[in-house]
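Everything below concerns the one structure shown next.
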Ligand code: HPA
């Protein structure tokens, strides 16, 4: 059973045939919301809205550990993360889809491991390739079946938020090699790795990152909102193809 973690704009999967909801308890507290079990193109899936079903939990306060632990308890075979991002690259405009293959983590102060010492042996996970290649391929292929082109590879910069970046910060991320920027990719990805759950992300570009748009002003939130709405319709169609690939 696959898990889908929906980000901004995807607090519900309208094409999910819901079978039951379950409030999960974990040693790390409560997940962002109840796990929604159902079927997507006739395969069992579990859905979780990362920011809560009312979109009330900001990126730095998401209980990533509880979310990933709850999905492990539900025995998921993999996690697909859907997350909106800003684009650092001029050739990736709003509406572009990216299946990233790398991460640079600029977040701070988040609970980012299950291995906290306290008498248990120190554990270091390998994170050379942060995303699962098999799930990445499925996302790219499902996109193709849905008539979409998802960029195969990209470096995701995970930033703290909830504010957007300064233009200089985006310039720095670009020098570091990042292609897109978002606020939730870490520690979600590494926590999944710590629990051995294959994890991949479908990033939806909803804006040019700070200082990168053609207009001289800042980022226009109404534009982001409109882009989120239209893009998530496409994302649902892609997710609906996952059972064919
Ligand atoms: N920066 C960080 N996170 C984001 C952005 C952005 O420009 N757009 C969507 N998520």
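For all residues, glycine too, the Cβ spot is worked out from N, Cα and C.
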Listed in TrEMBL for the phosphate site shared with 8, 50, 51, one of 166, 184: 184
Binding-site residues (8, 184, 207), the one with most neighbouring Cβ atoms at 10 Å: 184
Among 183, 207, 208, 209, which are recorded as binding-site residues, the nearest neighbour of residue 8 (phosphate binding site) by Cα: 183
Number of Cβ atoms other than its own within 10 Å, given for residue 183 (substrate binding site): 26
Shell of the phosphate site beyond 8, 50, 51, 184, same chain only (C-beta within 8 angstroms of their C-beta centre): 6, 7, 49, 55, 57, 59, 62, 83, 183
For the binding-site residues 50, 51, the one whose C-beta sees the most other C-beta atoms within 10 angstroms: 50
Spatial separation of residue 209 (substrate binding site) from residue 184 (phosphate binding site) - C-alpha basis, Å: 16
